[in-house]
Ligand code: TZP
Ligand code: MG
């Protein structure tokens, strides 16, 4: 994937694991894809997260759905699972293995890294990240150990510094505030709740795509 293709793929980045929805995860993902999500991350974390074969089975089901629709399938944290499934990429945080080590393990799969400071961003880029996740932009109830809310300040700062790596904002984002995140310099938005808990995941994804696209056109 070229960097331009990656920027487009990051526009509406849906993240979900079984704890994030009361509906069957496969059904939510199917609707989200129909609504226009551009990339998906399997993030099986938190209370009641599946483990072992149950986790792998869900991952395989979600991956199949992504493959059938040409949507990149990314695995959060679990490098072994990503390699075993031949996922399209992995997303890691600062508590995970160092970026250069993960890069060595996954070859040319996509590598996303969550960062919270300019220093972390520079290191991630130097060590081989393909894109950065920045947040929490807005308050989130989803990640219990989330860092302080930072608005769009770090996104703006990295762009001011001339860093052109693809960036997604994360944390409390929905169709009503997604435009602000893109206007600040992000290529797209990552969401969990806005789609996974929506009455209509399809409509939620459509609205997010429209919000992101209208800013891209302005920008
Ligand atoms: N990292 C920073 S905030 C967050 C993660 C994984 C949770 C985002 O979830 P939501 O429901 O879109 O606020
Ligand atoms: Mg992690």
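Backbone N, Cα and C define each Cβ position, glycine as well.
Just one of 20, 76, 177 is listed by TrEMBL for the same 4-amino-2-methyl-5-(diphosphooxymethyl)pyrimidine site as 41, 42, 43, 44, 45, 114, 143, and that one is 76. Under the three-state DSSP scheme, residue 41 (4-amino-2-methyl-5-(diphosphooxymethyl)pyrimidine binding site) falls in the strand class. Neighbour count (other Cβ atoms within 10 Å of the Cβ, all protein chains): 20 for residue 76 (4-amino-2-methyl-5-(diphosphooxymethyl)pyrimidine binding site).
Proximity to ligand 1 at the level of Cβ atoms, with a cut-off under 6 angstroms, picks out 143 from the binding-site residues 43, 45, 77, 96, 143. Cα of residue 76 (4-amino-2-methyl-5-(diphosphooxymethyl)pyrimidine binding site) to Cα of residue 96 (Mg(2+) binding site): a span of 10 Å.
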